[in-house]
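Engineer: Quick one: structure below, then a few questions.
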Amino acid sequence: MRVSLNWGTSFNSLLRLEISSAGLNSWRHCLSLCVSPLAYFCLLGLGLSGVLGGGDYLRFVGPGIIVMQALSALSQMIYRVVIERRWGLAAMKLQAGVPMSAYGASLLAPRLIVFAIQACVVVICMLIVGSGFSVVPLFLGVLAGAVCAIFWSLIGITITGLVSNYQTRDFIVNIMMLPLSFSAPVFYRLDGAPVFVRILARINPLSYQVQWVRGIFNGELRLWDFLVVLALLVVAGIFSLAAVRGLRIASFEG
């Protein structure tokens, strides 16, 4: 007979473990999380703004940098689930009766906390340089970015749960990250990009996320981008549930 534990109790217990494993109980680690968004905005963004349009460029690039922080949830989640799978921790928790949804939520929560910290850093930088965004678009834009972070976290769970061979998994991640990062319209507009870059952007989920979030910051309804983001989120959720179900019996694997 399979035992099912209380959802809230399971989630709270696992969340404490996940926060600790993510280093979020250390102010030093939380401070180190600020380096990436600061580097993107203050070094790359400000540097390019001197050539590509000053304040208008920073207003353009800021939302894209927020979505870039959401993408980092992919590698964070893969690293975490690899540990869970390799040492049989996921199987142990799920076979003990922890609900799959509680287990998945406990994995997602620290990724969202990390994203919130990094997104707030970008928002503060945008306010300091006078980007001109009001409070409501800033808040809604960060919430939309959190949706993107959930998507990439689910992709991380899916890749790690369904691909058991670590060499294959590393190959998939390595060939994904750079094309994902640089074919999305984070630092440039697609209108003037070469044809092959525009083609890559059209099949890149990050492109639709960047355009959707940027539209929210500017008070625009990007319906097509939103629908694509929503559809991809649903698909990622379905595959990640299948991956978590597989983790119940997958232990001591790479």
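Including glycine, each Cβ sits where the backbone N, Cα and C put it.
The feature domain 'ABC transmembrane type-2' is assigned by TrEMBL to 28-250. Sequence annotations record features per position, and here TrEMBL assigns transmembrane segment to 30-54, 60-82, 103-129, 135-159, 171-188, 223-244.
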Engineer: Same chain, outside the transmembrane segment (30-54) by at least 6, Cβ under 8 Å from its Cβ: which residues?
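Structural biologist: Same-chain contacts beyond the flanks: 23-24, 60-62, 65-66, 68-69, 72, 114, 117-119, 121-122, 125-126, 129, 187.
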Engineer: I need to check the long-range neighbours of the transmembrane segment (60-82): which residues 6 or more away from its ends have a CB within less than 8 Å of a CB in the stretch?
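Structural biologist: Tertiary neighbours of the transmembrane segment (60-82) are 18, 21-22, 36-37, 40-41, 45, 48-49, 53, 90, 107, 110-111, 114-115, 118-119, 122-123, 125-126, 131, 133, 141-142, 145-146, 148-153, 155-157, 159-161, 166, 169, 173, 177, 180-181, 184-187, 189, 206, 209-210, 213-214, 216-217, 247, 254.
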Engineer: Let me spell it out: take the transmembrane segment (223-244), skip the flanking residues so only those 6+ beyond its ends count, and list any with a Cβ under 8 Å from a Cβ in it.
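Structural biologist: For the transmembrane segment (223-244), the far contacts come to 90, 94, 100, 103-104, 147-148, 150-151, 154-155, 157-158, 160-162, 205, 208-209, 211-212, 215.
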Engineer: Who are the chain neighbours of the transmembrane segment (171-188) in space, where the CB to CB distance is under 8 Å and they lie at least 6 residues beyond its ends?
Structural biologist: 44-45, 48, 61, 64-65, 67-68, 71, 74-75, 78, 159, 163, 197, 200-201, 204-207, 209-211
